Structures are given as structure tokens and as C-alpha cells.
Amino acid sequence: FQGIFVLGLPYALLHSGYSGLFLIILAAALCCYTGKILIACLYEENEDGQLIRVRDTYEDIANACCKKQSSKLGGIVVNVTQVMELIMTCILYLVVSGNLLSHSFPYVPMTEKTWSVIAFVTLLPCVFIKTLQIVSKLSQLCSLVHFIIILVVMTYCLTQIHQWSWAKFRLSIEFEDFLVSVGVIIFSYTSQIFLPKLEGNMKNPGEFRCMLNWTHFFACVLKTTFALTAFLTWGEETKEVITDNLPSFLQTLVNLCLLTKALLSYPLPFFAATEIVYACISRGNHSNYRSPLFALGVRGSFLLLTLLMAMFIPHFALLMGLTGSVTGAAMTFLLPSLFHLKLKWKKLSFLEKCADISVFILGFLCSLAGTVCSIKGLLEVFG
């Protein structure tokens with residue numbers, strides 16, 4: 001929950017005002033709820049009334065919901081959406097890497113796109129990653145670097161507390177900018193694609209709901225505190241990536257730490273996306289699709305795709321907002337509520353049905369409006 005995209009939250013507050021604080025809290029509550037109902041879809045009651053885990057993945061849930069139409073239609077939709085979100089996450093890591101390098105070395109006459117290419121070169125070894133064990137070790141280092149970054153930024157903000165003013169918050173906001181902020185906030189909480197596997201690997205799955213409550217609570221507190229202190233420090237001067245606001249003596253140090261974090265974070269979504277695609281392609285009996293060379297080609301193609309997209313759309317907040325509005329809203333709000341209604345309709349109370357329908361409608365409206373506004377913002381940037 002506390003990934004590198006937390007750095008976009010102060011910018012989201014700039015465009016959403018007081019409502020942004022409410023949105024951070026509301027998004028935590030809704031994401032926690034949809035996480036619970038998604039996991040509920042993995043279980044069915046047996047003849048004795050005991051809950052038995054009959055499904056293992058998000059794809060299995062989707063296939064169960066669409067089995068009357070097609071045994072694989074739901075899984076295809078979910079897999080496509082998952083891959084889109086994971087690849088967009090990888091693209092964001094490249095975009096932010098280019099941004100960080102250009103601000104760390106402003107005296108070097110190179111554009112952000114060129115810096116993104118340099119960051120891309122360091123990621124080429126990702127094509128040789130075959131197991132999650134390597135990725136997990138990189139993620140451990142990534143978490144350590146992240147907490148150092150957050151600590152440095154918040155410590156500096158607290159030294160500027162004498163300059164804080166609630167007057168920096170907007171009372172009136174631009175509707176389109178607000179909707180982009182909604183996408184940014186949603187994207188910072190998305191985790192549903194990892195939850196089925198996480199719950200399945202817990203020593204005591206019965207504690208999953210409690211774990212989800214506490215993690216979302218602490219994530220909400222940390223996000224709110226970080227976004228608020230950073231925005232109160234810089235106000236209208238808040239930039240897309242908040243570290244760009246730091247004084248030069250801190251900016252270079254923090255940006256290099258962020259760059260390290262971004263590069264260490266890249267392998268996880270990249271590995272997950274390529275594994276999904278490779279599994280779908282090699283599911284049949286085609287031995288050619290199971291060769292190591294073919295797997296290397298799939299990973300290489302995806303790596304190149306992320307670079308091309310990062311070069312084409314080098315705007316961190318707008319791209320993050322678009323991703324949150326399209327895939328984030330779908331995987332976090334739309335599909336969990338829809339699947340829960342489909343699989344559990346007869347067992348749900350009236351209030352539970354209303355809650356699921358409300359989440360679906362809210363997610364659909366946010367997704368639609370946020371997508372339109374993010375695309376419009378990108379079109380304006382490109383002239």
C-alpha cells in the first residue's frame with residue numbers, strides 16, 4: 001500500500017482540496033470492503049454448512065461467474081485487466097525514474113526521455129528472472145529504501161511547520177482536476193489482484209479479514225499524514241512528484257533513493273504480468289510455447305513495450321490517474337462487487353446487496369469520469 005505512488009498524493013490534494021482527505025479515507029474503507037468480498041467469492045458452503053475454498057485465483061472467480069456464457073470469458077477479461085494494470089505500473093516506474101534522474105542531474109543536457117532509456121538499460125536483466133524468490137529479495141530492499149525516503153521527506157516538512165497554513169487548501173476545485181485526483185488516490189490502494197494468493201498462503205486464513213482491517217487502517221493514516229504534511233509545506237507549489245519540491249541539498253539524495261526504489265520495484269509487476277501472459281499462451285499442448293527461448297521473448301517484448309509507452313506518455317500524475325481510473329477502478333471496485341453479487345446473491349442480505357450495488361455504481365462513475373478527464377489532460381499536454 002505504501003508504494004512509490006504515495007508521492008503523487010500531495011499533488012492530488014492540490015487539485016481536490018479538503019475533499020481529497022475524505023477521499024483517502026473513503027478509498028481505504030471501500031478497498032478494504034471489496035478485498036473482503038473478493039476473498040468471500042473463493043469459498044462455498046458444503047453440505048455441513050462449512051466454508052470450503054473451491055477457487056484459487058481472481059481468474060477462477062471470473063470464470064465461475066461467466067460459466068453460462070463461456071467457461072473462459074471471465075478469466076480472459078480479468079487477465080487482460082490485470083496485465084494492463086501491471087504493465088501500466090511498470091511504465092510509471094520508468095517515467096518516474098526519468099523524472100528523478102533529470103532532477104538529480106539538472107546540469108547534464110539530457111531530456112527526461114533519455115534518462116528513462118538509461119534507467120531501462122539497468123532493467124534489462126529482468127528478462128532472466130524466472131522465480132519469485134529473486135523478486136522477493138529485491139522487494140525487501142525496496143521496502144527499506146521506501147521508509148527511509150518517507151522519513152526524510154516528513155522530517156523536512158516538520159521543520160517547516162511554522163509556514164503551514166490551512167488557507168492553502170482550496171475551497172473551490174476544478175471538477176476535471178478533481179476526477180484525476182480520484183484516480184491517483186484509488187491507484188495508491190489497489191492490491192486486489194494479489195489478495196487471493198496472499199490469503200491462500202496465510203498460515204491462518206481465518207485472520208485475513210482482521211489483517212485487511214489493520215493494514216488498510218494504517219495505510220490510510222500514513223497516506224493522510226504524508227499527503228497533508230507535504231501539501232501544507234508547499235501549497236500551490238506542490239509538484240507531481242513531491243520530492244521535486246525538496247531543497248537541492250536533499251533533493252539529489254532523496255531522488256537517488258527513489259530511483260533505487262523504483263528500479264527495485266519494477267521486477268514484481270513485470271514478473272507478475274509476464275507470468276500471466278506466458279501461462280495463458282502455454283496452457284495448451286503446444287511445446288514450442290514452453291521453451292525457455294519463447295519465455296525470454298515474452299519477457300523481452302514486455303520490457304520493450306514499457307519503454308516505448310514511457311517515452312510516449314512521460315507524465316507521472318496523469319498516467320497514474322488514467323491507470324487508477326481504468327484498471328484500478330475495475331479490479332478494485334467493479335469486478336469484486338459484480339462477482340460477489342453474482343455468486344452470493346441468494347445468501348446476501350438486503351443491506352449487503354445495496355452495499356455491493358452502490359460500490360459498483362460509484363466505481364463505474366469514477367472510472368468513466370476519471371478516464372475521460374485523464375485522457376483529455378493528456379491530449380492537452382500533447383497540444
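Glycine is no exception: its Cβ is also placed from the backbone N, Cα and C atoms.
Since we're looking at a predicted model, the values are computed, not measured.
What TrEMBL annotates here:
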{"type": "DOMAIN", "residues": "1-375", "note": "domain 'Amino acid transporter transmembrane'"}
{"type": "TRANSMEM", "residues": "20-43", "note": "transmembrane segment"}
{"type": "TRANSMEM", "residues": "76-95", "note": "transmembrane segment"}
{"type": "TRANSMEM", "residues": "115-132", "note": "transmembrane segment"}
{"type": "TRANSMEM", "residues": "144-166", "note": "transmembrane segment"}
{"type": "TRANSMEM", "residues": "178-198", "note": "transmembrane segment"}
{"type": "TRANSMEM", "residues": "210-233", "note": "transmembrane segment"}
{"type": "TRANSMEM", "residues": "253-281", "note": "transmembrane segment"}
{"type": "TRANSMEM", "residues": "293-313", "note": "transmembrane segment"}
{"type": "TRANSMEM", "residues": "319-339", "note": "transmembrane segment"}
{"type": "TRANSMEM", "residues": "359-379", "note": "transmembrane segment"}
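Long-range contacts of the transmembrane segment (20-43) within the same chain: residues 9, 12-13, 51-56, 58, 60-61, 64, 181-182, 185-186, 188-192, 195-196, 199-200, 208-209, 212-213, 216-217, 219-220, 223-224, 227-228, 332-333, 336-337, 339-340, 343-344, 355-356, 359, 362, each at least 6 residues beyond the stretch ends and with a Cβ under 8 Å from a Cβ of the stretch.
Below 8 angstroms of C-beta separation, residues 87, 90-91, 94-95, 98, 113, 116-117, 120, 123-124, 126-130, 270, 273-274, 277-278, 281-282, 319, 378 of the same chain, each at least six residues beyond the ends of the transmembrane segment (293-313), sit close to that stretch. Here the transmembrane segment (210-233) has Cβ contacts under 8 Å with residues 1-2, 6, 9-10, 12-14, 20-21, 24-25, 28-29, 31-32, 35-36, 150, 153-154, 156-158, 160, 163-166, 168-169, 188-189, 202, 242, 245 of the same chain, all six or more residues outside its ends.
Sequence-distant contacts of the transmembrane segment (144-166) (same chain, at least 6 residues past either end, Cβ-Cβ under 8 Å): 2-4, 6, 222, 225-226, 229-230, 232-233, 235, 242-243, 246-247, 250, 253-254, 257-258, 260-261, 264.
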